[in-house]
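J.: Could you have a look at this structure, given as C-alpha cells, before my questions?
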Amino acid sequence: MSSSTHHWIARRGTALQGSLAIPGDKSVSHRAVMFAALADGVSQIDGFLEGEDTRSTAAIFAKLGVRIETPSASQRIVHGVGVDGLQPPTEALDCGNAGTGMRLLAGLLAAQRFDSVLVGDESLSKRPMRRVTGPLAQMGARIETQDDGTPPLHVHGGQALHGIDFVSPVASAQVKSAVLLAGLYAQGETSVTEPHPTRDYTERMLSAFGVEIDFSPGKARLRGGQRLRATDIAVPADFSSAAFFIVAASIVPGSEVVLRAVGLNPRRTGLLAALRLMGAEISEENHAEHGGEPVADLRVRYAPLRGAQIPEALVPDMIDEFPALFVAAAAASGQTVVTGAAELRVKESDRLAAMATGLRTLGVQVDETPDGATIHGGSIGSGVIESHGDHRIAMAFAIAGQLSTGQVQVNDVANVATSFPGFDTLAQGAGFGLETAGRR
C-alpha cells in the first residue's frame, strides 16, 4: 500500500496526561554519528533517534567504511576511522529526506580524496543546495548540482581546501556546519559569521570531541588539521518533536504533561518564548547537560492562549516549530502575527502555504504574506488535510484535531517516521484521539 493511503483520523480525545519520553534529538543524532565516525577511537551513542533520516546518515558512514554496531534501537557504537580514514563508496550515498545529512556531508565529502554522489528522496531533491555549495566552492571544493541548484550533488574529491572568512547571507545552521566541517580539512583558519545566530549543535559537539573551536552567538572559528577524540554522547530528547506535545497540552483543557530530558539548546527554544508570550504555562525542572547540550524536564499545563505578535528575533530559533505554533495560534483568542519567516517556504514543503491552506480548510481565517501570516484564532472545524509528505505538517494537524468540532483526516503521514517514529502510539497513550489507517 502506498504512503499516500497512509493517513490519520484525529478527533477530540481526553485531557493529556503523563510523563512522556520523546525520541532523541535528530540534529544531535546526525552529528553524533558523523563526528564519532571521524574520531580516533570508539564512541557510544545513547538516546540515538531511530528514525529514517538518522538511519540514512548511519548507513552512509557504513558505506564509507565505518563499523557501526546497534546493541539496541536507541544505541550506536561507532568505531571511528579518524579524519583521514573514510573509504571511497561504491555507490551513490542516499540521504533519504535528511537535509541536515546532505548539507553537512557536502562539507565533509568535499575534503576527501575520492569522488562521491549524494542523492535524496523526492522532497529532498527539490531543496536548495547552492547556499552550501557556494561557500564550499570559495574554499576550493568542486561540487555540481542540477541546473536549478538542487540535488543530486556530485562531489569531486582530491581538492586542496583553504580556510575562508565566510559571511553567510542566510541564517542556517546547516550552511554554517558544512563550512566548518570542510574547515577541519582546510589550510589555515575558517570562520563563519551569520546574519542571525543559529543552532550551535556542531560547535558544541565538535568541542565535546576535543576540537578547539571558538564560538559565540552568530560567530564560529576553527583551524584546520585538528583530530577528533572519541567520546560517549547521551542524545537529549528532540525539542522539535516535544513541541507538538507542548502545544497540545497547552491548548487541550485539563491537560498536564511532563516531557523528560528535553534538549534546550538556546538557539532551538524560540517556541517556548513565543508560547509564554501567548500565556502558556511551561516550567523547567531538573536541569542538566548531555554531550554539551543543556537539557531539562518540561512541565506543561493547559492555559488559555491569546494571540500575539511573534518577534522576528525568535524566528531562527523556532524555524521547525512553526507548524505547531500555527495550531496554537488557531486555538488562541485574537490574532497572531508572524513575519520574517520566508525560510519556511523552502523546508520539506512550503510550510507557510501548507499550514495556511490546511487551517483554512478547518475554517480558521489565515492571511498569508510572503514571509509569514496572520492567524485569527477561533473554532477549529473538520476537514481533510494534505500533509504534502511533510512530517511536521502531519503532526501539527493531528494536534489541531484535538480541538476539532468534528474530525480531521491527515493524509500522507508515512514520513512522520523520519523524525518521530512511534508518534501516533505515544500520542494515543497521552490521550489524543488519533487513529491510523492504511498502514504501508
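Any Cβ shown, glycine's included, is placed from N, Cα and C.
So Swiss-Prot lists these for the protein:
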- Asp320: active site, proton acceptor (ACT_SITE)
- Lys26, Ser27, Arg31, Ser172, Gln174, Asp320, Lys347: 3-phosphoshikimate binding site (BINDING)
- Lys26, Gly99, Arg127, Gln174, Arg351, Arg392: phosphoenolpyruvate binding site (BINDING)
J.: Return only the integer: C-alpha distance in Å from Gly99 (phosphoenolpyruvate binding site) to Ser172 (3-phosphoshikimate binding site).
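T.: About 12 Å separates the two Cα atoms.
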J.: Which of the recorded positions Arg127, Asp320, Arg351, Arg392 has its Cα nearest to the Cα of Arg31 (3-phosphoshikimate binding site)?
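T.: Its closest listed neighbour, by Cα, is Asp320.
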J.: Which whole-number value in Å describes the distance between the Cα atoms of Lys26 (3-phosphoshikimate binding site) and Arg127 (phosphoenolpyruvate binding site)?
T.: 19
J.: Looking at Cβ-Cβ distances, which residues of the chain lie under 8 angstroms from Ser172 (3-phosphoshikimate binding site) while being 6 or more apart from it?
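T.: Result: Arg131, Glu194, Thr198, Glu343.
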J.: Indicate the candidate from Arg351, Arg392 with the smallest number of other Cβ atoms within 10 Å of its Cβ, considering only these binding-site residues.
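T.: Comparing Cβ neighbour counts within 10 Å for the binding-site residues Arg351, Arg392 gives Arg351.
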J.: Determine the minimum-neighbour residue: among Lys26, Arg31, Arg127, listed as binding-site residues, which Cβ has the fewest other Cβ atoms within 10 angstroms?
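T.: Result for the binding-site residues Lys26, Arg31, Arg127: minimum number of other Cβ atoms within 10 Å at Arg127.
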J.: Let me know the most crowded of the recorded positions, choosing from Ser27, Gln174, Asp320 and counting other Cβ atoms within 10 Å.
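T.: The residue with the densest Cβ neighbourhood is Ser27.
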J.: Taking only the Cα atoms, work out how far Gln174 (3-phosphoshikimate binding site) lies from Arg127 (phosphoenolpyruvate binding site), in Å, as a whole number.
T.: 13
J.: Looking at the recorded positions Arg127, Asp320, Arg351, Arg392, whose Cα is closest in space to that of Ser27 (3-phosphoshikimate binding site)?
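T.: Spatially nearest to Ser27 (3-phosphoshikimate binding site) by Cα position is Asp320.
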